[in-house]
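Okay, structure first, notes after.
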Amino acid sequence: MSMILSASVVRVRDGLPLSASTDYDQSTGMQECRKYFKMLSKKLSQLPDRCTLKTGQYNINFISSLGVSYMMLCTENYPSVLAFCFLDELQKEFITTYNMMKTNTAVRPYCFIEFDNFIQRTKQRYNNTRSLSTKMNLADMQTEIKLRPPYQISVSELGSANGFAHLSVVEYRGTGKISAAPHQRLEPVTLPGIVSFVLSLLCGALNLIRGFHAIESLLQNEGEDFSYVIAFFLGTAACLYQCYLFVYYTGWRNAKSFLTFGLICLCNMYLYELRNLWQLFFHVTVGAFSTLQIRLRQPQGKSPDYNV
């Protein structure tokens, strides 16, 4: 009998489970699939936005969008088009119900467990395919899957059952080759992020202006310390680099943001004699706020363009 067995909602960046359907099946096959669920959850940021893992008599399908992944387990003969329609429906409801700030700041597993009610109702509908097919137009999803089929994950790519071997470079139709970090798009910008970006630009501009004034003072008075000029321009570069890290994804992005914040602190410590306490507090606070926003704005998977 073809049917959906279970489903879950997982945060992409760290694999934190946000919600899941209640699962009563304790068979050996289901226990093994739960292991694959956990292994996939840890690798979501390394995988394309639409994938299928075939594990004998069961299939695991998932889609990722806006930093959240929607996963489901079904029997091997369950129609692929219905599986991804099911996931798409979960995605639309979850995005409508919860804002990104809540999902990004969640710290405990299954903090959106009430979403299980919707998962269960939707699962029952999709398991009754006879009545479901009369209510849905599946042509769009069939065309979408035909043009851009889900990436087929092999069990060997996941490594051993108790370890997480690094995924090799794989070919994904429609996207070319992907590396260990294929998703270089960042999550949508929030209002605090925009504020931090503008304030960082302002601090960079203030440092730049003071740096040119320091050069003028140095030309007029030979006794002036040239190191102040260097400190101002380093502060400018650090602020602008924080803006760059906020907008673009790079390797070791979080570490770079902390190092940049450290440089901002050092520059302001050196410029202690030229700035009052309020000015120092403003520059350091803006640097810390920008570092926090860089940390919160994580990479996301591509948003699937399903039209169901």
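Note that Cβ sites are derived from N, Cα and C of the backbone, with glycine treated the same way.
TrEMBL lists 8-119 with the feature domain 'Longin'. What TrEMBL lists as transmembrane segment is 189-209, 229-248, 255-272.
Within the chain carrying the transmembrane segment (189-209), a Cβ under 8 angstroms from the stretch's Cβ atoms is held by residues 100-101, 232-233, 235-236, 239-240, 242-243, 246-247, 267, 282-283, 286-287, 289-290, 292-293, 296-297, all 6 or more beyond its ends. Helix, strand and coil content of the domain 'Longin' (8-119), in residues and according to DSSP, is 49 helix, 30 strand, 33 coil.
Taking Cβ pairs closer than 8 Å, the transmembrane segment (255-272) reaches residues 207, 227-228, 231-232, 234-235, 238-239, 241-242, 245, 280, 283-284, 287-288, 290-291, 294-295 in its own chain, all 6 or more past its ends. Across the domain 'Longin' (8-119), mean pLDDT in this model comes to 86.
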